[in-house]
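A.B. asks: Below: one structure in structure tokens.
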Amino acid sequence: MEKRIVCLAGDGVGPEVMESAKEVLHMVERLYGHHFHLQDEHFGGVAIDLTGQPLPQRTLAACLASDAVLLGAVGGPRWDGAKERPEKGLLALRKGLGVFANVRPVTVESETAHLSPLKKADEIDFVVVRELTGGIYFSYPKERTDEVATDTLTYHRHEIERIVSYAFQLASKRKKKVTSIDKANVLESSKLWRTVTEEVALRYPDVELEHILVDAAAMELIRNPGRFDVIVTENLFGDILSDEASVLAGSLGMLPSASHAEKGPSLYEPIHGSAPDIAGKNKANPIAMMRSVAMMLGQSFGLTREGCAIEEAISAVLKSGKCTEDIGGTETTTSFTKAVMQEMEEQALVGRGR
């Protein structure tokens with residue numbers, strides 16, 4: 001298989017974890033006979049420094065022409081006073097690609113469960129599906145005076161139906177349960193959200209649906225996260241709750257994410273930030289980036305076996321006691337990546353010997 005992947009290393013630790021992603025992809029090429037054209041493009045703060053824009057037109061054009069996009073990290077205090085903020089480029093990239101579904105799997109390795117703030121963290125295994133294109137971030141009018149500020153929250157039926165349908169399709173391949181999170185006791189947009197969700201649910205009789213108000217959901221994520229399978233919610237609620245959920249893993253360096261469009265390339269990235277305090281020190285945890293690669297292989301390219309091989313290698317290395325500083329170990333970014341690649345190679349040899 002041949003695929004073109006645009007690599008947006010970005011800022012902070014982004015270039016370091018992107019290098020890990022590339023090395024893992026090269027190992028997949030060698031072990032399974034695929035070929036990936038990896039195209040580097042400027043994005044975020046580094047793009048501002050070079051072009052004055054966080055998302056240069058050349059970068060967006062390259063992304064649109066690709067089969068998938070990998071993003072390292074974006075932003076940092078260096079650009080706090082800049083006219084253009086790096087994070088603005090991420091919103092523009094999502095809009096340009098037309099991605100509407102942000103997918104964050106939240107799982108906890110038994111080897112790192114002790115790092116979670118919760119007891120029985122190894123029972124956590126759910127996915128947060130967040131709507132990305134509507135809601136309060138993208139609705140108008142928006143206005144502010146010295147005395148009054150106004151934001152508008154708008155959702156169209158087709159936006160709700162599209163994201164909820166995606167969540168049900170995902171749940172039908174997992175534990176067959178969807179939890180829809182809204183504020184239907186107060187917000188008109190949430191009342192429509194709930195109505196459309198119930199209509200979609202009729203098409204999936206084998207999938208259980210439950211509704212939870214967002215304030216109760218925030219509590220349940222901490223009190224009983226094992227109850228969840230697929231969570232689906234609107235943009236603002238999803239932004240907040242997915243960050244809350246990510247803390248359950250004990251380190252932001254562990255979890256990947258994907259953003260999908262109806263047509264065209266998807267965007268894959270670790271959920272962690274640019275971590276400027278450790279940038280360039282070979283300390284960044286590359287697991288989330290490597291898992292983003294695994295998601296890309298499975299979800300965009302249909303290479304489920306190859307994606308699983310990466311996941312299994314990561315788990316095996318963690319079981320051996322090797323891990324980076326953020327999860328209690330002494331491995332560097334490069335040494336942990338090397339260990340994962342070695343494990344992938346060994347597992348492939350064992351598989352061929354059967």
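Placed from the backbone N, Cα and C atoms, the Cβ positions cover glycine too.
Among the features that Swiss-Prot reports, NAD(+) binding site is placed at 76-87, 273-285. According to Swiss-Prot, the substrate binding site annotation covers Arg94, Arg104, Arg130, Asp215, on the basis of sequence analysis. Annotation comment: Swiss-Prot describes Asp215, Asp239, Asp243 as Mg(2+) binding site, evidence class sequence analysis. According to Swiss-Prot, the site 'Important for catalysis' annotation covers Tyr137, Lys183.
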A.B. asks: Please name which of the binding-site residues listed here, Gly76, Arg130, Asp215, Asp277, is nearest in space to Asp239 (Mg(2+) binding site), Cα against Cα.
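C.D. replies: Among Gly76, Arg130, Asp215, Asp277, Arg130.
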A.B. asks: Hey, does DSSP put Asp215 (substrate binding site) in a helix, a strand, or just coil?
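C.D. replies: DSSP call for Asp215 (substrate binding site): helix.
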A.B. asks: Please name the residue among the binding-site residues Asp80, Glu84, Asp243 whose C-beta has the most neighbouring C-beta atoms within 10 angstroms.
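C.D. replies: Sorting the candidates by Cβ neighbours within 10 Å, the top entry is Glu84.
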A.B. asks: Including all protein chains displayed, how many Cβ atoms other than that of Lys183 (site 'Important for catalysis') lie within 10 Å of its Cβ?
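C.D. replies: Around the Cβ of Lys183 (site 'Important for catalysis'), 20 other Cβ atoms lie within 10 Å.
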A.B. asks: Calculate the distance in Å between the alpha carbons (Cα) of Asp277 (NAD(+) binding site) and Asp243 (Mg(2+) binding site), and round it to a whole number.
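C.D. replies: Counting only the Cα atoms, the answer is 20 Å.
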A.B. asks: Just counting, how many other CB atoms are there within 10 A of the CB of Lys281 (NAD(+) binding site)?
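C.D. replies: Result for Lys281 (NAD(+) binding site): 13 neighbouring Cβ atoms inside 10 Å.
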A.B. asks: Which residues of the same chain, at least 6 positions away in sequence, have a Cβ lying under 8 Å from the Cβ of Arg104 (substrate binding site)?
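C.D. replies: Same-chain residues close to Arg104 (substrate binding site) (Cβ under 8 Å, separated by 6 or more) are Val127, Val128, Arg130, Ser242, Ala245, Ser246, Leu255, Pro256, Ser257, Ile271.
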A.B. asks: How many whole Å apart are the CA atoms of Asn285 (NAD(+) binding site) and Arg94 (substrate binding site)?
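C.D. replies: Given the Cα positions, Asn285 (NAD(+) binding site) is 25 Å from Arg94 (substrate binding site).
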A.B. asks: Whole-number Å distance between the CA of Arg94 (substrate binding site) and the CA of Asp80 (NAD(+) binding site)?
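C.D. replies: Rounded to the nearest whole number, the Cα-Cα distance is 21 Å.
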A.B. asks: If we check Cα distances from Gly76 (NAD(+) binding site), which of the recorded positions Tyr137, Lys183, Asp243 wins as closest?
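C.D. replies: If we rank Tyr137, Lys183, Asp243 by Cα distance to Gly76 (NAD(+) binding site), first place goes to Asp243.
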A.B. asks: Please tell me which one of the recorded positions listed here (Tyr137, Lys183, Asp215, Asp243) sits closest to Glu84 (NAD(+) binding site), measuring Cα to Cα?
C.D. replies: Tyr137
A.B. asks: Please report the three-state DSSP label of Asp239 (Mg(2+) binding site).
C.D. replies: helix
A.B. asks: Given the binding-site residues Gly76, Gly273, which one has the fewest other C-beta atoms within 10 angstroms of its C-beta?
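C.D. replies: Ranked by other Cβ atoms within 10 Å, the binding-site residues Gly76, Gly273 bottom out at Gly273.
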A.B. asks: In angstrom units, rounded to an integer, how far apart are the Cα atoms of Lys281 (NAD(+) binding site) and Lys183 (site 'Important for catalysis')?
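C.D. replies: Distance (Cα to Cα, whole Å): 44 Å.
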A.B. asks: Return the count of C-beta atoms lying within 10 angstroms of the C-beta of Asp239 (Mg(2+) binding site), excluding that atom itself.
C.D. replies: 16
